[in-house]
Each structure stands twice: as C-alpha cells, then as structure tokens.
Amino acid sequence: MATFISVQLKKTSEVDLAKPLVKFIQQTYPSGGEEQAQYCRAAEELSKLRRAAVGRPLDKHEGALETLLRYYDQICSIEPKFPFSENQICLTFTWKDAFDKGSLFGGSVKLALASLGYEKSCVLFNCAALASQIAAEQNLDNDEGLKIAAKHYQFASGAFLHIKETVLSALSREPTVDISPDTVGTLSLIMLAQAQEVFFLKATRDKMKDAIIAKLANQAADYFGDAFKQCQYKDTLPKEVFPVLAAKHCIMQANAEYHQSILAKQQKKFGEEIARLQHAAELIKTVASRYDEYVNVKDFSDKINRALAAAKKDNDFIYHDRVPDLKDLDPIGKATLVKSTPVNVPISQKFTDLFEKMVPVSVQQSLAAYNQRKADLVNRSIAQMREATTLANGVLASLNLPAAIEDVSGDTVPQSILTKSRSVIEQGGIQTVDQLIKELPELLQRNREILDESLRLLDEEEATDNDLRAKFKERWQRTPSNELYKPLRAEGTNFRTVLDKAVQADGQVKECYQSHRDTIVLLCKPEPELNAAIPSANPAKTMQGSEVVNVLKSLLSNLDEVKKEREGLENDLKSVNFDMTSKFLTALAQDGVINEEALSVTELDRVYGGLTTKVQESLKKQEGLLKNIQVSHQEFSKMKQSNNEANLREEVLKNLATAYDNFVELVANLKEGTKFYNELTEILVRFQNKCSDIVFARKTERDELLKDLQQSIAREPSAPSIPTPAYQSSPAGGHAPTPPTPAPRTMPPTKPQPPARPPPPVLPANRAPSATAPSPVGAGTAAPAPSQTPGSAPPPQAQGPPYPTYPGYPGYCQMPMPMGYNPYAYGQYNMPYPPVYHQSPGQAPYPGPQQPSYPFPQPPQQSYYPQQ
C-alpha cells in the first residue's frame, strides 16, 4: 500500500565560480599577501564544491545530501561577502525545470539569471528533492527507517516552504513553474502529509491505542486532501501525482474509520462500528476501482471486509443495534506529530566556511569609507603643512634670505646658493625635469585609450541589446543594458573628468617650467660659471656680529626647526594605522546596520586629534616667525649699503633661490603626476576588466535567451490547417461519403487489423458484379465502380472496394503500386491532401478513394503492410 511521492532534482549548466571571485579578490586585497592567496584557494574549492553538488548525478544516500547542504550553506555564507550583481560580480546560473520533459523541437524549459538568490533557491530545491528520494528509499519495517523517513520528509517540507516564502524576492522575474510559490507550497504540504503517514505507520507498528491511530490517520488524510485540492486545478506537477494524492486521502480516511470502528466496538457501539466499516469499505472500493494502478489495497480491503462481515453477523444475531447514518457519527479527532523543519543556516553540521575570515560586503564598504575619511584627514593636514613650508620659502626667497646675511663680500657665491645648486645637480638637474615632462603626454594618452575601449565595449553591447529588444519586443525579458550600465557609465564619466583635470594640472606645471627653466639651467652650472653669472657688488661694510644679523640668524634657525618638525609630523600622520573591522562587525551584529560616519568620525578624532593639534600649532608658530623675520629684514636693509650693483646682485640671488624652490616643486609635481597616471592606469585596467566581464556575461545571457526564444517559438502551434477544397472531398461526378478525419498526430497509430476479403475481379460491362461479394461492416453506400474502357486490359488483381475506410483499418489488400507510392505516408502525419490524381484514358483504375490520392509518386516510406 505504501507508495510515496519523491521529487526529481533540477539540472544545471556548469558555472566557473573561481574566475570572477578570484578577480574580485585580487582587486580588493593586497597583491602578494597571504590573505589574498588564501581567499583565491577558497574560491577554487568553492568551484569544486559546486561541481560535486550539482554538476553530476547524485546517489540517494546521506553523503550526497550532505554535499548539497554544504554547498547551500557556503553560498549563503558568501552572499554578504561578495557583491553579486549584474554590474559587479556577474555570475549567470542556468537551471532547467525539474518537471518539464521538453518537446519534439526543444529541450526542457530553463531559466538563466545573474542572481545568487536564484542559485540558492534551486540548490535548496535539490536538497529537498534528494531528501524526499532518500526518505522514499527507507525500509519502513523497522524503527530506524521510519525515523529517517520522517526526518527527511519534514526537512523537505520546510525547505520547499522556505523557497515559497523567499523565491519571488530572490528573483528579478517570474521563476520556472517548479520553484513557483504555488508549486513548492503544494510540495511542502505533500511532504508534510507523507511525514504524518510515517508516524501513522509507526503508531500502527507499535500497536498504539486505536483512538490515537485514528487521529493520526485522519490528520494525514486532511493533509493529502489539502494537497490534492491545491494541485488538481493547476498543471504544475507530474500527472501521476494526482491519483496518488487522491488514493492516499481515501486510504488514510479509511484507516481512520477502521480504527475508530475498533474503538466503537470496545465501547459497545456496534451500529457505529458497522457504519464506520461500511464507509471504510466504500473508500477502499473507490481506490481499488480508480487508482489500483498506483496503489495496492487488496490486503487492507480484505481486512475491512472481514471485520465488516463479522460485525454485521454479530449485530444481526446478537446485538441488533441500529446502524446510524454516516452524517450522524461524531467526527474523528485529529492529531499532528509533524511540522516543517525551518531552514536555519548552516543546515549541515559539518559545515566549515571557506571564507571564514572574509568580512561582509557592508563591512568592506564601511572600511573603504573609513579609509577614505582617514586619507582625506591625513592629506588635508599634510597639504596645510606643505603649503606653509612653500609660503615660508617664498617669503625667504623674496627677502634673499639667508643669502643676504651670508653675502658680505659681494663677489662670491653665497653658501646657501651653492647648497641649492649642488642639490639640483644631484637630483639630475634640468634633464630630469625635461624627461618627466616628456613622459606625461604618453601616460595620458594610454589612459584615454583604455577608457575609450572600455566605453566602446559597453556601447556595442548596448546597441545589440536595443536591436534585439526592438525585434522581439516583450519577449526580450531581461534588464535593459542602458539601465544596467548606468553605474559603469557614471564611473567612466568620473574618470573622464579626472583626466580633464589632470590635463589642466599638466598645463600649469608646463607653464611654471617655461617660466623658470633658464634660471634652473643656471643653477645647474658649476660653481665658477655660476659665480661668473652673478653680478658682483662693492664690498659691503662689515655687518658680521651686528645685532640685527644675529636676530635674523636666530629666527631663520627657528624656522628651520619648524620645518623639520613638520617632516616628523607628516611621517607620524602617515604611519598611524588602526583597524576598524572589529568595531564595524560589532555594530553589524548588534544593530544589523553600520553607522559608518558616526563610528569613523569618533575614531578619527581619537586617533588623530593630537597630531592635528600639533599641525595647527606649527602653522601658528611659523606665522609669528615670518612676521618677526620681515621686521628684522627691514632693519637689515636700512643698515646695508645700497647701490645699483648690490641691488642687481641681490635680484639675481633671489631668482636663483626662487628657481631652486620651483625646481623642487616641479620635480615633486611631475613625479606625483607620473605616479597618478600609473595608478590611474591600474584602476582603468580594472574598470576595463569589469566592463569586459559584464559584457561577456551579457553576451552569454543573450545567447541563452535567444536559444530559449527559438525553442519557445518552435513549440508554438503553427497556423490553423487550411480546409480541404470541395473538389478534393469526392470524386468527379460522384457523391461518395466524406472520409473520416484522420487521427491527430499526437495519437499513436492504431495497429491495423487484417482486412476483409476483397470482392472478385471486375467483370466486363455486360456482366453484373457478384451479389455474394462480402461487404465490410459499417461501410457506407458504395459509389459505382468506374466502367472499364473497351479494349483496355483488365486490372492484374481484384479491384478494391469503392468506399472509404477508417484510419488504421484499410479495407483492401495491398496491390502493386507505382514505384515510391505509399498510400499511408500522409495519413499518418495528418498532412493536407493534394488534388486527385486523374487517370489517363485507357489506364486501369486505381482502387476507390480511401483517402485523397497524391499528384506525384512519393519517396518510399515504411507502410503498415509489406509491399507486394
């Protein structure tokens, strides 16, 4: 009697998980680090796990189910850790409908989506399906088999119920029928009913009280009845499921009535006993008459009939209790011992996360935002200090300090100028600047080409998508490329803006270079040439040891100390490192969301508060020193002898000092620009890879969608058949009855029966046909046979009956036909009939029209009878 329903597994196409995940890991984590290598190995293991779980047929045992559960747990674990989407990590998963068997012109229905939620739903479906198959394979004659079956049916019910609640939110479009909410909801109820049936079998085996067994059976009957009601009006499950559900409903109801009748007998309610046994017998009779192909209830039927016969006999001879109507009986109670097992990840008890140390995407995004805030704070503080240093150098250069207090002889190069000259020469001089400026346009052009190529890929794919959308209209059901590419195009626009600003910055650097190139060239010359290029002046009166010179030297020394302190502060700002991962993870665990701004600002104030205070103090200290230097320099200028030669010399020295500052700034800016372009190249290459990956994924999705569209178009019914013209329906000059409509092509051809004996050969016109010729049963009024043309030869065999025959039942014996002629070829496939083949004068007639004949000989085909 026990017939259990199990679910077929869905089939999928192979997907390489490792390649896109490894790309993301390499772009996200530092190159060459142990962390990156570990995650790359984990991605390879994940790809192997998918192949083991869904890429091959699975046996019906616990080990195969454990592999499926491990894969499901793993994809649930990585979902928050990787940005799976159509425009980031784009993985297209293709799954076939588990219940669709395909058609003549195409395979089974399948759906391809770039959604990890879709993959999760399909894998969980397979977990439930395999659990149902394992449960159905159990030996229910022992407690262990009953226990395993009940556990797996309840798990399958919970898994199907989980899919019902989550599938629509996980997918961006309608799912296939097998994972639609209606279908999985029905499957969940079927699995729950079978779990209840297992508990009923357990109670029966343990010989529990009949009242309890009756309640368990009645509850199982309700579950089966509800499942049957849900699916009988929807063509979603295989057809063989419906009769099994109906039979199980009746059988469980009969069991409930049977055990309740035993309870009634114990309570001396003999009339109720008979009424319940009669109802049980009727239910089992219905099952035996309608569903005997699916379930065997002979033993149970005999058991009920024996009990009913004994009860009637005892009641008729002893008790004489009135047999009540069924509607007057008290309803049987219900007791459920099953419930759908909720899906709580991890499901597998042996699960180990391959990416255990990887943080969720929300934490990664918060860390990226925190690092950006940190970089902004550090860069802002460093920029303030560098601007202050540049300002100080500019003020000193305009005052010709410290060269003014060093140049007392008027005919030698001041020591500060010599130091700056040696520094310029050591850094490569003007040749370094020339080389760096020459490289900038090449770097810029390379970046532009990468960006243009990336956007070209998007443009081409979008144009193709638009063309196909215009061609197929509403059939083209996927996200439009122009919507999908909006983030990428915004990113590309941002890169374009960055390049435009870089071009402007390059122009400013070149302008500065042209303005100060000659002075920098002079600063690169040897000391004798440099000294010769500087105008000499009359020896100034000795001011060494004067108070104003000593004050200036002290102020300049303090300013140098401030500059050195800034270098230390800059290093301190760059070296501070604090990992916010733990704080973000704690916030995510406690609140479910991360308030990144509040957490980051608080932590940055704590870590960098002291350093930023020192930066502001350094700026204020420099401001005071520069004011004092300017005041002291005014006094120094008044004391210094003034003449034209001295003024000209001082101007040249100022220009040389300014040239040094400009050289340092140019080299720094050019190196920064080169570094910027090289780093931008890496970013643009990643952007190009991202564009290339998504375009490739879209092309793959497009090909799958086109294939599905072709199959769906092929499955669509063709145009209505053209009605047969009137002149083809009967021979000329006759009114023979219309032949029966040929069988539809979906009906298997009926095996032909031996035909009736044919009538005797047609005699000459002066002799009548034999009145004793046999007539086939059911034939209509025969049309007169065509008269024999005088002088023509008689036919080589008996003429066939001049009346139509029904499909599959030819009414005449096969006679020699023209080469290639097959009178059954078109009739088997319901093809339209061409015009009647007219006979030539003097030609022996063909048999009467069974079906319209053919205008030309057809290729040889296999007929029902061998050709003679």
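The backbone N, Cα and C atoms fix where each Cβ goes, and this holds for glycine too.
Quick look at what Swiss-Prot lists:
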- A2: N-acetylalanine (MOD_RES)
- 176-868: region 'Interaction with EIAV p9' (REGION)
- K215: N6-acetyllysine (MOD_RES)
- T479: phosphothreonine (MOD_RES)
- S481: phosphoserine (MOD_RES)
- 713-809: region 'Disordered' (REGION)
- S730: phosphoserine (MOD_RES)
- 737-763: compositional bias 'Pro residues' (COMPBIAS)
- T738: phosphothreonine (MOD_RES)
- T741: phosphothreonine (MOD_RES)
- R745: omega-N-methylarginine (MOD_RES)
- 778-791: compositional bias 'Low complexity' (COMPBIAS)
- 792-807: compositional bias 'Pro residues' (COMPBIAS)
- 832-868: region 'Disordered' (REGION)
- 844-860: compositional bias 'Pro residues' (COMPBIAS)
Legend entry - S481 (phosphoserine) CB neighbourhood, other CB atoms within 10 A: 22
Inset, instruction - Fill in the CA-CA distance, S481 (phosphoserine) to K215 (N6-acetyllysine), as an integer in Å. - result: 59
Inset, instruction - Could you pull the average pLDDT for the region 'Interaction with EIAV p9' (176-868)? - result: 76
Legend entry - Other CB atoms within 10 A, centred on the residue listed as 'N6-acetyllysine': 22
Legend entry - List of residues, in chain order, with Cβ under 8 A from that of T479 (phosphothreonine) and at least 6 apart: E86, S172
